[in-house]
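Notes for the one structure printed next.
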Amino acid sequence: MYQIGEALVGDGAELAHIDLIIGEKSGPVGIAFANGLSQLSAGHTPLLAVIRPNLLTKPATLIIPKVTLKNQTQVTEMFGPVQAAIAKGIADCIEEGTFKEYDIEDLVILASVYLAPEAKDYNKIYRYNYGAIKLALNRALEGFPPEKTILYEKDRGAHAVMGFKVQRLWDAPYLQVAMDLVDMGKVAKVLKEVPDNDHVIIEAGTPLIKRFGLSVISEIRKLRPNAFIIADMKILDTGNLESRMAADASADAVVISGLAPASTIEKAIEETKKTGIYSIIDMLNVPNPVELIASLKIKPDIVELHRAIDCETSCHAWGDIVAIKKAAGGKLLVATAGGVRVEVVKEALASGADILVVGRAITASKDIRHATEEFLEQLHKDEIDQFRVMTDF
């Protein structure tokens with residue numbers, strides 16, 4: 001056996017986080033156990049889990065401090081409530097039948113334990129670590145999480161300690177608010193009034209980036225830290241360099257012009273895959289978007305069918321979205337832009353659009369919040385994480 005478990009329980013300075021490995025004494029876990037006891041490190045000296053002095057728990061468990069213990073207070077907390085919680089939690093697992101299929105004499109456990117230097121409340125330290133060791137152990141023996149849970153959670157979950165969520169586009173349709181503005185005061189007003197919603201995307205428009213540079217992405221991020229932010233750079237040359245610049249500026253996606261040479265487009269897309277951001281091809285003035293997508297060796301994440309502001313009242317609609325998705329041969333989102341108003345949302349969605357790009361209909365509205373909500377209502381999508389506790393399953 002070589003099983004791995006992890007659990008986070010509690011909050012504040014006393015928060016408990018345990019990484020755990022359980023396996024046979026005769027295997028690699030047993031070797032690691034022996035090495036841990038014999039190869040000591042200052043501030044990270046492992047200790048055995050004991051229920052009380054002279055009484056080990058079984059399976060024998062080695063507690064390894066993750067954070068360097070620098071003073072007597074931390075040492076006392078580790079040798080007191082943490083050690084007691086780990087030992088009692090494992091002993092209770094015996095009573096509850098967690099090990100009924102195993103011989104506890106054959107097994108050992110390595111438990112890497114987080115203890116913040118600021119932790120003070122012994123009661124919380126004990127209770128959080130007690131819950132965490134039991135949860136981590138049961139997860140290890142159950143093989144949690146299954147692949148299905150990982151794939152389901154990877155784009156909807158948020159790390160409980162990190163403090164912000166990195167948005168991904170997995171639950172279309174979305175509303176993209178295009179800020180083709182040149183006044184940071186106006187940008188701040190729009191960002192303040194557009195409601196927080198899992199299905200809202202923020203676009204730093206081309207004029208905004210030309211006026212303030214890519215640093216504007218960071219300014220937007222300060223006001224909307226959890227937002228999915230697009231840098232509409234309309235890349236025409238040096239595709240890899242400009243894609244990297246967008247990623248370095250903390251953009252979640254970058255726009256590449258479909259009029260760029262194929263090699264530039266492909267280099268830009270390749271760079272987005274290296275940096276973990278989305279690639280968007282803007283098909284403004286591209287005569288045959290289907291042909292372009294089919295010709296690319298590496299496909300984008302999103303295609304934007306874009307009618308220019310100067311012709312959005314006279315140009316045709318967005319084209320054959322189904323054919324574009326088919327040409328991509330895989331997962332592809334299609335955004336529709338230019339002249340998108342509330343009354344055409346149903347038409348765009350029915351034609352296969354995944355993202356509705358709206359600019360002045362929101363940013364120039366007298367009531368920005370109300371205008372945004374009108375579009376969101378047409379999406380018929382609930383907020384994903386409105387009532388969600390990110391440590392729950």
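Here the Cβ of each residue, glycine as well, is placed from N, Cα and C on the backbone.
Here His17 (active site, proton donor) comes close to Glu6, Ala7, Leu8, Val9, Lys66, Val113, Tyr114, Ala132: these same-chain residues lie at least six apart in sequence, with C-beta atoms under 8 angstroms from its C-beta. Under the DSSP three-state reduction, His17 (active site, proton donor) is assigned to strand. What Swiss-Prot records for His17 is active site, proton donor.
Taken from Swiss-Prot, the feature substrate binding site applies to Asp19, Leu48, Lys66, Thr68, Gln83. When other Cβ atoms within 10 Å of the Cβ of Asp19 (substrate binding site) are tallied across all protein chains shown, the result is 17.
What Swiss-Prot records for 1-161 is region 'Formaldehyde-activating enzyme'.
Residues annotated as region '3-hexulose-6-phosphate synthase' in Swiss-Prot, with sequence analysis given as evidence: 162-393. Computed over the region '3-hexulose-6-phosphate synthase' (162-393), the whole-number mean pLDDT of the model equals 91.
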Kindly assign Gln83 (substrate binding site) to one of the three DSSP-derived states: helix, strand or coil. helix
Entry from the binding-site residues list Thr68, Gln83 having the most other CB atoms no farther than 10 A: Gln83
With every protein chain in view, what's the tally of Cβ atoms within 10 Å of the Cβ of Leu48 (substrate binding site), excluding that atom itself? 15
Could you give the maximum C-alpha to C-alpha distance in Å for the residues Asp19, Leu48, Lys66, Thr68, Gln83 that bind substrate per the record? 17
DSSP output for Thr68 (substrate binding site) maps to coil
Lys66 (substrate binding site) has its Cβ surrounded, within 10 angstroms, by a count of other Cβ atoms equal to 13
Helix, strand or coil by DSSP: which one applies to Leu48 (substrate binding site)? strand
